[in-house]
Each structure stands twice: as C-alpha cells, then as structure tokens.
Amino acid sequence: MIPVVALVGRPNVGKSTLFNRLTRTRDALVADFPGLTRDRKYGRAFLSGYEFIVVDTGGIDGSEEGIETKMAEQSLAAIEEADVVLFLTDARAGLTSADLAIAQHLRSRDKTTFVVANKVDGIDADSVCGEFWALGLGEVYQMAAAQGRGVTNMIEYALAPYAEAMGLNRDDDEQAIEEEREYTEEEAEAEQKRLQDLPIKLAIIGKPNVGKSTLINRILGEERVVVYDAPGTTRDSIYIPMEREGREYVLIDTAGVRRRSKVHEVIEKFSVIKTLKAVEDANVVLLVVDAREGIAEQDLGLLGFTLNAGRALVIAVNKWDGIDQTVKDRVKSELDRRLGFIDFAKIHFISALHGTGVGHLYESIEEAYDSATRRVSTSMLTRVMQMSQDDHQPPLVNGRRVKLKYAHAGGYNPPIIVVHGNQVSKLPDSYKRYMMNYFRRSLKVVGTPIQIRFQEGDNPFEGKVDKLTMGQERRRKRALSHINDRKTKGE
C-alpha cells in the first residue's frame with residue numbers, strides 16, 4: 001500500500017515549502033474538507049520513483065496550553081496514520097522549547113521519525129545542526145527545501161523500506177518490459193483470463209454520513225454485524241473478502257466505527273488518509289453521494305483524487321427513495337452539469353437502506369474492472385489507431401502530415417496506450433481527444449479513465465550541427481577563395 005509521509009513541526013519551519021515541492025503544486029489535491037481540520041493538506045507525490053501521500057499537518061507552537069491540546073486536533077491524527085514522520089526544524093533559528101515539546105510527544109509514539117534541519121543554505125550547517133541531537137530522535141538530516149537541496153536524498157532514505165513493495169529494486173529493463181509489454185493476441189487472451197480469477201478490490205468512499213456503512217452492510221448481508229476500527233486499527237482500512245455469484249471481491253472499508261444495530265446512533269468517522277490510501281490500493285472505486293445534498297465540494301475532491309490516481313469509477317447516488325420527482329429531476333440535472341467531464345462512469349440511483357438498485361452496481365463494477373485491467377495486443381491497438389487515421393486524418397504541421405506508425409499498451413489500471421509516430425508532439429489537443437474517444441469506443445472501454453501517450457520517432461541528427469573534417473574545411477576554403485577570385489575578375 002502507498003506510504004504516508006507526515007510533515008510535522010512548529011510554524012514557519014518550511015513545511016508548506018516542502019509540501020509544495022514534493023507535490024509540485026501550490027495547492028493541495030484534497031484540502032479544506034468541510035468538517036476536517038483546516039490546517040491539514042493532503043497531496044500525492046512522485047519523487048525518484050517513489051509514490052506516496054504527503055500531509056502538511058500545520059504548525060504547532062508548543063504554547064502554555066500544552067502540546068497534547070495543540071496536536072490533538074490537527075497533527076496527532078496525521079502522525080498516528082502516517083508511516084513516516086518528517087520532523088522539520090529551523091536550522092537558522094536553532095533549537096526551541098516548541099521543538100523539545102514536539103520531540104517529547106514523538107518519542108512516546110512508535111513511529112519512524114526523521115529530524116530534518118531545514119534552511120541550511122548559506123550557513124555552517126554542520127556546526128549549527130549539532131544542537132538538534134538533543135531532541136533524542138537520532139540523526140539530524142540537513143535540507144534547504146526552498147532550493148530543493150537534500151530533498152531527494154531525504155525521501156529516498158526515509159522510504160527505502162518501501163522500495164521493494166514499489167518495485168524499485170527490480171532491474172530497470174525488467175520493469176520497463178512489464179510496464180510496456182507488447183502482447184500477442186494469444187498472450188492478451190490468456191492474461192485476461194487470469195485476471196478474471198483474481199478478486200476485485202473495491203474501495204467504497206464518500207464523505208461522512210452518505211450511507212457507506214448501510215451500503216456495506218447491505219452488500220455483506222443483513223445478518224452480519226460489522227464492528228471495525230477497534231483500538232490499534234485506526235490507521236488502515238479494513239479489507240473484507242466476499243463472493244457473489246462466483247466472483248470474488250475484496251471490499252476496502254473506510255467508513256469508520258459502526259455497529260449494525262446502532263448504525264444510526266454512531267457518528268461515522270472520516271479519515272482522508274484512510275480514504276486516499278484505499279483509492280490507491282483499489283481496482284475500482286465506488287463513490288457514494290447523498291441524493292438529498294447533491295454534489296458537494298467534498299465529493300468533487302474525492303472524485304479528483306480518484307481520477308488523478310487513474311482508478312476505475314462507479315458512482316452511487318444514495319437515499320434516492322423518499323424524495324419527490326421534482327428533487328430527483330433537480331439532482332439529475334446537477335449531476336449532468338457538474339459531472340459531465342466523467343462521462344465514462346456509470347451512475348446508479350440506489351437506496352442502501354432498502355436495497356433498491358444495489359444489485360445493479362455489480363454489473364458496472366465488473367465492467368469497469370474488466371476495462372481497466374484488459375490486456376490488448378499490439379496488433380489490435382495498431383489496427384484501431386490506423387482506423388482512426390482513415391476516418392479522420394491527422395492535421396498538417398508546417399506543411400507536413402503527422403504520421404502515426406504503431407501503438408502498444410503502456411500500462412493498466414488505468415489503461416495506457418502508447419502511440420509512436422513523427423511530429424506527434426505537435427498534434428493539437430482536439431485530435432488527441434478524438435483519438436482517445438476513438439480508442440474508447442472501439443475497445444468498448446467503460447468505467448475507467450484512459451490515457452494516451454504520444455512518443456516521437458527520434459531523429460538522431462536533429463539539433464546537431466555537422467562538424468567538417470580538416471580536409472573538408474581546407475576544400476571549403478579553397479572553393480570560397482576560387483569564388484571570390486572569379487567575382488573580383490568579373491568586376
């Protein structure tokens with residue numbers, strides 16, 4: 001499962017700067033969720049082959065109110081759910097009482113923690129950073145987040161235990177072959193058959209109180225008492241194996257504390273980190289929306305993270321029973337308006353409480369899974385690419401027609417198609433969208449985003465200036481001299 005890195009420290013030590021550098025953005029992917037701590041920001045990060053979730057926990061000032069009070073609302077939850085904690089300090093300001101208070105709390109937790117002395121640019125870092133050893137958390141790592149100095153080394157060291165799980169210890173050629181496997185027709189069919197026997201990992205996500213608990217209990221059966229999030233299990237989602245009509249599933253449950261008999265009496269816990277990790281680990285995401293509230297900003301935030309992760313998607317509009325036709329029409333209109341950009345996803349109107357429409361979800365879930373994991377041969381992808389050209393020629397670029405040569409698979413979940421050709425980098429976005437839609441229709445891809453990557457046929461001489469040999473240079477000079485002599489005589 002994708003690791004979570006929490007950035008902890010007092011205000012103005014550079015946590016936001018490091019967050020922005022790691023996520024390559026100035027805005028968190030998922031931020032300011034209603035009902036959640038305003039000071040926590042979440043984002044996906046990619047660095048040196050590592051993929052992880054990074055959390056900016058906000059500043060802790062260690063005031064007289066007590067470190068526990070300050071951390072409980074914002075940073076404590078992030079620390080408990082994180083796999084790695086980066087404790088940032090300010091090398092220029094030196095060791096402070098707030099740093100000592102935070103360190104005392106971190107020592108009481110069984111967490112992998114790294115002390116980072118930030119802002120070491122332009123100072124004698126070795127002499128200044130020595131005092132941070134007094135925090136009692138081991139080695140002190142130097143960094144200048146604003147300039148990027150030491151950031152990559154820090155992440156590589158902190159996440160080294162996860163390298164094998166992420167496939168970073170494999171040979172580069174082996175990894176490239178797996179990512180861009182060129183299947184024959186027979187190999188694609190055999191691989192697809194193998195995938196049919198694997199359980200579908202289904203993450204059920206949604207903002208609090210939209211009915212995730214009720215839906216999960218409906219899926220698992222009325223008689224099943226579900227009590228999760230017992231002490232010690234707060235960090236990870238619960239994985240529940242089940243089977244329906246011969247097809248195996250693994251439900252990834254993020255709903256929080258609940259008991260079937262008291263489902264209406266328990267306020268559902270909501271953990272952003274738990275939800276984001278579940279999305280990353282799933283094959284298919286089932287987003288549950290409350291019909292009575294419509295599409296909220298929090299729904300769009302979860303939807304955005306799902307799309308960025310490239311996961312197959314099914315949307316369930318819950319609590320559809322008991323509302324009049326006028327409200328239903330308004331909700332459908334709002335869905336069309338706000339979710340038009342994900343026209344590939346199936347939308348179901350259900351009642352988890354009464355079971356209405358729940359059975360139809362499985363068909364869309366299996367369809368989305370099959371589309372997201374389907375192996376397609378190189379010959380098939382190339383044929384579809386050629387058909388798209390026959391129906392609609394690529395445009396001219398500088399008087400020359402863009403030429404598409406062949407296509408092959410570049411990855412799955414989401415499906416990635418790599419198209420090779422000449423001048424493909426100059427294709428307009430409109431033609432790229434046309435090709436994406438053409439592949440989707442031709443391959444019957446439903447319920448999952450699809451990515452097309454264009455790879456240029458590199459010209460080895462492009463951008464190079466021919467350098468004359470010494471003999472060629474002498475002949476060139478003689479020729480120029482001869483031309484100049486003729487011009488002089490002609491005058």
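Glycine is treated like the rest: Cβ placed from N, Cα and C.
Noted in Swiss-Prot for the protein shown:
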type: DOMAIN; residues: 3-166; note: domain 'EngA-type G 1'
type: BINDING; residues: 9-16, 56-60, 118-121; note: GTP 1 binding site
type: DOMAIN; residues: 200-373; note: domain 'EngA-type G 2'
type: BINDING; residues: 206-213, 253-257, 318-321; note: GTP 2 binding site
type: DOMAIN; residues: 374-458; note: domain 'KH-like'
type: REGION; residues: 472-491; note: region 'Disordered'
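Around G206 (GTP 2 binding site), the C-beta neighbours below 8 angstroms that are at least 6 residues distant in the chain are K212, L287, V288, V289, D290, D299, L302.
Taking the C-alpha positions, the distance from T57 (GTP 1 binding site) to W320 (GTP 2 binding site) comes to 37 Å.
For the pair formed by T254 (GTP 2 binding site) and K15 (GTP 1 binding site), distance between Cα atoms is given as 28 Å, rounded to the nearest Å.
Within 10 Å of the C-beta of W320 (GTP 2 binding site) there are 20 other C-beta atoms, taking all protein chains into account. According to DSSP, K15 (GTP 1 binding site) is assigned to a helical segment. Using a 10 Å Cβ-Cβ cutoff, K212 (GTP 2 binding site) registers 26 neighbours.
Listed in sequence order, the residues of the same chain lying 6 or more apart from V120 (GTP 1 binding site) and placing their CB within less than 8 Å of its CB are A91, V128, C129, Q142, M143, A144, R149, G150.
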